[in-house]
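In what follows, a single structure is set out as structure tokens and then discussed.
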Amino acid sequence: MEITNVMEYEAIAKQKLPKMVFDYYASGAEDQWTLAENRNAFSRILFRPRILIDVSKIDMATTVLGFKISMPIMIAPTAMQKMAHPEGEYATARAASAAGTIMTLSSWATSSVEEVASTGPGIRFFQLYVYKDRNVVAQLVRRAERAGFKAIALTVDTPRLGRREADIKNRFTLPPFLTLKNFEGLDLGKMDMADDSGLASYVAGQIDRTLSWKDVEWLQTITKLPILVKGVLTAEDTRLSIQAGAAGIIVSNHGARQLDYVPSTIMALEEVVKAAQGRVPVFLDGGVRRGTDVFKALALGASGIFIGRPVVFSLASEGETGVRKVLQMLREEFELTMALSGCRSLKEITRAHIVADWDHPRNRLAPRL
């Protein structure tokens, strides 16, 4: 059966993967309300298309932190990709490079920064978890820098791991034949079996709960790479991120895997964009499955979006070919959405091209200052 959209890969991945692995990728925190909301919120934004505009030529190219990419669709960090497919992060890196876009490698990848760099050219960012042992962090950042990674995406929403009940039921742990490759030589590459989730126990033992704004500043003393703060949902934290020297912000709720009942990222986006006042670019991840979603995010002020689960599901289904297809389908859908909305370049996509249900006063929550 021919695959015609990104969502169809999830069912194929579910058939192919062991239950423990699929559930790890697919699930969210607790009631999974935010998991559903990340998708549902997009359907509460409608288009105001403009007609009779010459859309024979459409330019989707953009720059992110000065790097030119073919489209504003990038790859988010997702952990342990060799659980999905033997080639794991290698396949994802090659697919991103072929599509002319950015891949973000997870700290908890099953391939190291050096291995991913060895796949060939490409613009790559490195997602960072801050470990209790700051020497580990410094070493990791230096390795990413040496391997040619161009930015650090600092995850700030995980002082503790969210409660993911499927992982508790399945006693989730990294399969024995895999390691967290970036930590292999540091004796932090293996995950023990636990009475609940092996990952939750690993995080409790290794990840620093004292992480604060001063650490964002410390990070800038050990690297010249720009730092994207990943996990911002409010105006207050947007302003503090900029004060702390962030080069950009990723509006993210960690794929709805951390705190349940936070808003969808598409609903939080506008508040963050307004607070940033154009001082730094704002990106979004969470729930993007269609080219229409990409357009909506850009209309609300995002400079680009990142996709996570579609990558691991397509990787599980068809390896590198699957990831390439996901990027191609989203690209084609986004291009079509632009054409049918009357936009020939990203700068022509404006807030006037959409109407959100919260634009109507009766739907408005108390105004946020």
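Cβ coordinates come from backbone N, Cα and C, glycine included.
Note that the coordinates shown come from a computational prediction; the quantities given were computed from them, not determined experimentally.
These features come from TrEMBL:
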type	residues	note
ACT_SITE	HIS254	active site, proton acceptor
BINDING	TYR24, TYR129, ARG164, HIS254, ARG257	glyoxylate binding site
BINDING	77-79, SER106, GLN127, THR155, LYS230, SER252, 285-289, 308-309	FMN binding site
DOMAIN	1-359	domain 'FMN hydroxy acid dehydrogenase'
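Here the features listed in TrEMBL are painted onto the structure.
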{"residue": "ALA79", "record": "FMN binding site", "contacts (Cβ under 8 Å, 6+ apart)": "SER106, SER107, TRP108, ALA109"}
{"residue": "GLN127", "record": "FMN binding site", "contacts (Cβ under 8 Å, 6+ apart)": "PRO77, THR104, LEU105, SER106, SER107, ILE152, ALA153, LEU154, THR155, LYS230"}
{"residue": "TYR129", "record": "glyoxylate binding site", "contacts (Cβ under 8 Å, 6+ apart)": "SER107, TRP108, THR155, THR158, ILE207"}
{"residue": "HIS254", "record": "active site, proton acceptor", "contacts (Cβ under 8 Å, 6+ apart)": "THR155, ASP157, THR158, GLY162, GLY231"}
{"residue": "ARG257", "record": "glyoxylate binding site", "contacts (Cβ under 8 Å, 6+ apart)": "SER27, GLY28, ALA29, LEU35, GLY162, ARG164"}
{"residue": "ASP285", "record": "FMN binding site", "contacts (Cβ under 8 Å, 6+ apart)": "ALA76, LYS230, ILE250, VAL251, SER252, GLY255, THR265, ILE305, PHE306, ILE307, GLY308"}
{"residue": "GLY287", "record": "FMN binding site", "contacts (Cβ under 8 Å, 6+ apart)": "ASN38, ARG39, ALA41, PHE42, SER264, THR265, ILE266, ASP293"}
{"residue": "ARG289", "record": "FMN binding site", "contacts (Cβ under 8 Å, 6+ apart)": "ASN5, VAL6, MET7, ARG39, PRO310"}
{"residue": "ARG309", "record": "FMN binding site", "contacts (Cβ under 8 Å, 6+ apart)": "GLU10, TYR25, ALA26, THR78, GLY255"}
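Neighbours of ARG164 (glyoxylate binding site), defined as other CB atoms within 10 A of its CB across all chains, total 24. Among the residues the record lists as binding glyoxylate, namely TYR24, TYR129, ARG164, HIS254, ARG257, the two farthest apart have Cα atoms separated by 19 Å. Counting every protein chain shown, 26 other Cβ atoms lie within 10 Å of the Cβ of PRO77 (FMN binding site). When the neighbouring Cβ atoms lying within 10 Å are counted for each of the binding-site residues (TYR24, LYS230), the highest count belongs to LYS230.
Looking only at the domain 'FMN hydroxy acid dehydrogenase' (1-359), the predicted model's pLDDT averages out at 95.
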